[in-house]
């Protein structure tokens, strides 16, 4: 499933150019740069997941099943149980620290499931890069929180939850195919939220005109 990944590779190249060898993913740099790096990583992860979701759907899910599955219990996302904003107005009402806390909770919920994706997808971009970029982004969010909270190191997590692992053998199990389909859908939704929250922060702090993210 290698189609549709050009934009993901482009974002990966940008990140590589911005992270010289031997340096931490998020060194001691200005707030604007920290936030810009976090947005780029969130964009990259969201794009790779969206491409993978589309390719998986085309490969494993019959067309007559796709829309019905999107409304089924299999598509329920754990992230819907936390008080994270789901629309633009609510997002703008939250503080920057709140948006970072929501983002951190969403990212951490995928750390374990993503590691099992190496067995499901031979795509090297997905298998090797997403977990590392999640870890980089987690580190970046902690750096942003320390920057915004006068260097305090707190337990910023909202809830401790994680998604189930992906089924590594969807070819032989229809339930497994649907489970993976649902998990990828949730992953895509959650990363879209994280990207949106970070873009709102960036817009509020560093864009002079009205923020319309």
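Every residue gets a Cβ built from N, Cα and C, even glycine.
As recorded in Swiss-Prot:
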- 77-186: disulfide bond (DISULFID)
- 203-211: disulfide bond (DISULFID)
- 1-25: signal peptide (SIGNAL)
Rounded Cα-Cα span from residue 77 (disulfide bond) to residue 203 (disulfide bond), Å:
28
What kind of secondary structure is residue 203 (disulfide bond) part of, going by DSSP in three states?
helix
List every residue in the same chain as residue 77 (disulfide bond), at least 6 positions away in sequence, whose Cβ is under 8 Å from its Cβ.
185, 186, 189, 190
For residue 77 (disulfide bond): DSSP state (helix, strand, coil):
coil
Among the disulfide-bonded residues 186, 203, whose Cβ has the fewest other Cβ atoms within 10 Å?
203
